[in-house]
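Swiss-Prot has this to say about the protein:
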- 12-32: transmembrane segment (TRANSMEM)
- 62-82: transmembrane segment (TRANSMEM)
- 97-117: transmembrane segment (TRANSMEM)
- 128-148: transmembrane segment (TRANSMEM)
- 157-177: transmembrane segment (TRANSMEM)
- 184-204: transmembrane segment (TRANSMEM)
- 220-240: transmembrane segment (TRANSMEM)
- 260-280: transmembrane segment (TRANSMEM)
- 282-302: transmembrane segment (TRANSMEM)
- 305-325: transmembrane segment (TRANSMEM)
- 331-351: transmembrane segment (TRANSMEM)
- 365-385: transmembrane segment (TRANSMEM)
């Protein structure tokens, strides 16, 4: 019996299994949204959930709690893993930071340029220039893990690091170009929460409840500030101490405790909530419109080209080095996966066009097709063409 339990636990925490679960939830969402349960699916996502304390009230649809709340925990876990790398891993050398930064920069500039070139002259369509700049880290990482053990773990760290810079870029883009109103008061409260965690860290305090309270205050204030709330998860991770005063692992313990919830609850729920695109509303004839072509070229061509080009230049001119144990073929394979914009691109699309159906949902279809092509081609390339030699 114990052997069976051990095998089940190993399966659940296996990252490849997590990737399969994400794909299953994605297909399930598409089936439900386009089947007889579509009305219940939408009601579930639009269900208002919240609380109030005095005059303060936070009452949002369940979809927001998933996208801004639960997924913040995912980015918190990413932040924890990155902190380990910065302090005790490859990123202890500042030179190793250059590569993911340059890769993310190329992955933002080139897709945006392609979209603008295709849609130049159409002011309204150009509002969506940032759609192909996004990467759905959860899906990209899941597919990378499904490629097997012949892919070096350093490439996983590279993708995660790239994702952080990519997400910061996305947050800045949203804050500057897609935010109508920023709250200074909320920013001040966020600053106080960050300062409190800094003090806790300096004093070496390792009471989880203290960090939890500060992180909740930070998350709410960032949410209210008008900036995407997932940034709170990354910021919180950077203030978690590596170990207790007695030398016991503190950060590692928190990270390990999150693995089950990430694999079995958070990421599958995120996929199920965001993948439900109503295919019946899509006008196939509009798939060759400027917005659709711009999105497809930006994600499937621009992302991999931009990320790889800027990475190659950084390596060629010796500003950076290849991730340990990897080669250019494997690096290019990871670059392909960055074209999986999926949920993040759908999110920015909703901000850019204010959830309008002016394009008959052809923009949504373009995101799905480009993400699907990037995922399939990236998996095939990494699995069968990219080798260590």
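Using the three backbone atoms N, Cα and C, a Cβ is placed for every residue, glycine included.
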Segment proximity, the transmembrane segment (260-280) to the transmembrane segment (157-177), 3 or more C-beta pairs under 8 Å: no
Distal contacts, the transmembrane segment (184-204) - CB-CB under 8 A, six or more residues away: 210-211, 214-215, 217-218, 221-226, 232, 235-236, 239-241, 244-245
Contact between the transmembrane segment (128-148) and the transmembrane segment (365-385) (at least 3 Cβ pairs under 8 Å, separation 6+): yes
Per Cβ pairs under 8 Å, the stretch of 62-82, 97-117, 282-302 packing most closely against the transmembrane segment (220-240): 62-82
Non-local residues, at least 6 beyond the ends, that sit with Cβ under 8 Å of the transmembrane segment (331-351): 67, 103, 107, 128, 130-140, 143-144, 147, 151, 155, 158-159, 162, 166, 170, 173-174, 178, 270-271, 274-275, 277, 295, 299-304, 307-308, 311, 322-323, 363-364, 367-368, 370-371, 373-375, 377-378, 381-382, 385-386
Contact set, same chain, for the transmembrane segment (62-82): CB under 8 Å, 6 or more residues outside the stretch: 44-49, 91, 137-138, 157, 160-161, 163-164, 167, 215, 219, 223, 228-238, 240, 251, 254-255, 258-259, 261-262, 265-267, 269-270, 273-274, 343, 347
Contact between the transmembrane segment (97-117) and the transmembrane segment (305-325) (at least 3 Cβ pairs under 8 Å, separation 6+): yes
Positions on the same chain near the transmembrane segment (365-385), where near means CB under 8 A and six or more residues out: 131-132, 136, 139-140, 143-144, 146-148, 151, 277, 279, 282, 284, 287, 291-293, 295-296, 298-300, 303-304, 329-330, 332-334, 336-342, 345-346, 349
Contacting positions for the transmembrane segment (282-302) when only residues 6+ beyond its ends and CB under 8 Å are counted: 110-116, 118-119, 122, 125, 128, 131-133, 339-341, 345, 359-367, 369-371, 373-374
